[in-house]
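Trainee: Take this structure, written in structure tokens, and hold onto it; I'll ask about it next.
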């Protein structure tokens, strides 16, 4: 038996919670014209669904706990990072044309609710599972994919934030660190970690439950062709399209996925740097 009798896979429950949560923040945004909590609302929604479905099922199988924990870590990191960034930078330019257009604003929040519910499907189904199976290779592979993806996403986010906050970099595009190898490494990391979660969920999937693959597919298509990369590329082209160096950067640098060699180099280099930082921190403390 999975989930409850009326909602055996927690699909209705997670939909209701997601819509209610996003609706509350939509009302705040619409009434107060305050859009600094938009990304915070999206990221924390994942955390709520992971904890809620895990606690309601109450079986606390190892796979359920691990995947829920991974979602919580990702969601909290992203929520705090994006909230801190928008408080530093001020208004979110994405909403310049929406603040006074209730229809466009509503469409955005509806889309965000669909994004959260759909991408969370693999974890929702795992947490609704009553049976416990032994760990398989897919679990380990998925967890490794998640770790690599989170490392890339977090590193890319921090590098760009530091770059943007430096006065000497005003009016420049970010091409330092990981950004030398990919024009959108943060999106690559996010796609990789959610595909990792799907892979780690596969040992318990049966029959139509395999349709949860729509989660990572939806995220990938969203970032590649809808609200992610296309909008950022269009904005960057408007600002730097006539700059020769920028044109060369676009030609030489992959849009999303670095080459395998670059990917391995990035992982080893930044993992090693992180451990050195921890060792130095412990030494000074």
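Cβ coordinates are placed from backbone N, Cα and C, and glycine is handled just like the others.
Values in this document were obtained by computation on a predicted structure and should not be read as measured data.
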Trainee: Which stretch does TrEMBL mark as transmembrane segment, out of 44-60, 163-179?
Mentor: 44-60
Trainee: When TrEMBL marks a stretch as transmembrane segment, which of 211-232, 233-254 is it?
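Mentor: Comparing 211-232, 233-254 with TrEMBL, transmembrane segment matches 211-232.
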Trainee: Can you work out which residues elsewhere in the same chain, 6+ from the ends of the transmembrane segment (211-232), have a Cβ less than 8 Å from its Cβ atoms?
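Mentor: 94, 111, 115, 118-122, 124-125, 184, 187, 190-191, 194-195, 197-198, 201, 205, 255-256.
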Trainee: So which of 12-32, 44-60, 66-84, 140-156 is most in touch with the transmembrane segment (187-205), counting Cβ pairs under 8 Å?
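Mentor: Top-ranked stretch among 12-32, 44-60, 66-84, 140-156: 140-156.
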Trainee: What residues elsewhere in the chain lie close to the transmembrane segment (44-60), defined as a C-beta under 8 angstroms and at least 6 residues from its ends?
Mentor: 3-4, 10, 13-14, 17-18, 21-22, 67-68, 71-72, 74-76, 79, 116-117, 119-120, 123-124, 127-130, 132
